[in-house]
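Undergrad: From Swiss-Prot, here are the annotated features:
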- 1-159: domain 'Obg' (DOMAIN)
- 127-147: region 'Disordered' (REGION)
- 129-145: compositional bias 'Polar residues' (COMPBIAS)
- 166-173, 191-195, 213-216, 283-286, 314-316: GTP binding site (BINDING)
- S173, T193: Mg(2+) binding site (BINDING)
Amino acid sequence: MKFVDEASILVVAGDGGNGCVSFRREKYIPKGGPDGGDGGDGGDVWMEADENLNTLIDYRFEKSFRAERGQNGASRDCTGKRGKDVTIKVPVGTRVIDQGTGETMGDMTKHGQRLLVAKGGWHGLGNTRFKSSVNRTPRQKTNGTPGDKRDLLLELMLLADVGMLGMPNAGKSTFIRAVSAAKPKVADYPFTTLVPSLGVVRMDSEKSFVVADIPGLIEGAAEGAGLGIRFLKHLERCRVLLHLIDIDPIDGSDPVENARIIIGELEKYSQDLAAKPRWLVFNKIDLMDKSEAEEKAKAIAEALGWEGKYYLISAASQLGVKDLCWDVMTFIIENPIAQAEEAKQPEKVEFMWDDYHRQQLAEVEEDADDDWDDDWDEDDEEGVEFIYKR
């Protein structure tokens, strides 16, 4: 199935049903009073995370989702039926953004998580709600309010513990094939990897982590060059980044300059991403003697001003790969996801009409105090009749 990690959709919640103006009329009960019922609330639109999905391709074709309108109220104090909700299922890891305001409405990070993205309109009030001691035949009612309408941007961001980055042909796909059951395409030309892939690295029966492979970065990636800019966002949720460096590039390029390009593109894209823990991993050491590889790796690290630990591996022959994976596993165990980050609240999104009923009833009460006989006229059989005799 084609990997699609962005989609724009329109969500429209249902309008609220209108209130009803009605008076009870039955045999022997000519003046039964108001009995108009309220309308029904409009249906809501929800997002739900589903671990069985892994792409947003469905929303390239179906772009509009509308909840059902609430039914109008009826006589005999009958309340209108509430509109049916609409639930949109998205892959775990989807971020929901309101395109109109730029607000992030929420991150769908757990299976079964639900997020309200469009709230249905409030029901209108029937005339029964407006009766009082001074207004026994109210002809007021309120209409239902419109439901929320939003243009949403869905961004799928892979959930992985470890992210891999590097220049094209650095050996990222070969590495993920060596440590997991994932089988991304491997070839001797740049940009063999066109879409991100995930692999589960199982260290033993109880310990494992997920590694993400994205297309290689090139200079100018943060401005849109190559494929990297589309997929850098998939590294935002990783806990550690493995920066693979081809220790002996076949094209004769300088490994130091290649590494600086990657670092520069990370900083241009996001300071938060650039600040993540990043490990240097020198790949393809099987192409030279061990001592030569160690000397070259040391020289590159010094040129980059690298003071931390670095690794020498050969993904093709799996030399040094096991030790690297165990160190990654230890780091993940010792650095669990921060509770504050896990419980991070989305930006508060205001929904329309939250105080609608309270405001409407307050206005009616004010009007009743100022002019309590507004609803009476000469043809009103329910009104009070005054006869003056001189």
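Note that Cβ sites are derived from N, Cα and C of the backbone, with glycine treated the same way.
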Undergrad: Check the Cα distances from S173 (Mg(2+) binding site) to each of the binding-site residues G166, K284, S314 and keep only the ones within 10 Å.
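TA: The binding-site residues passing the 10 Å Cα test: none.
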Undergrad: Would you identify which of the binding-site residues K172, K284 has the most other C-beta atoms lying within 10 angstroms of its C-beta?
TA: K172
Undergrad: Enter the number of other CB atoms within 10 angstroms of the CB of N169 (GTP binding site).
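TA: The Cβ of N169 (GTP binding site) has 22 Cβ neighbours within 10 Å.
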Undergrad: Let's check the environment of S314 (GTP binding site): how many other CB atoms sit within 10 Å of its CB?
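TA: Looking across every protein chain shown, the total is 21.
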Undergrad: What does DSSP say about G166 (GTP binding site): helix, strand or coil?
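TA: The three-state answer is coil.
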Undergrad: Counting by DSSP secondary structure, give me helix, strand and coil numbers for the region 'Disordered' (127-147).
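TA: Result for the region 'Disordered' (127-147), in helix, strand, coil order: 4 helix, 2 strand, 15 coil.
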Undergrad: Averaged over the whole of the domain 'Obg' (1-159), what is the pLDDT?
TA: 87
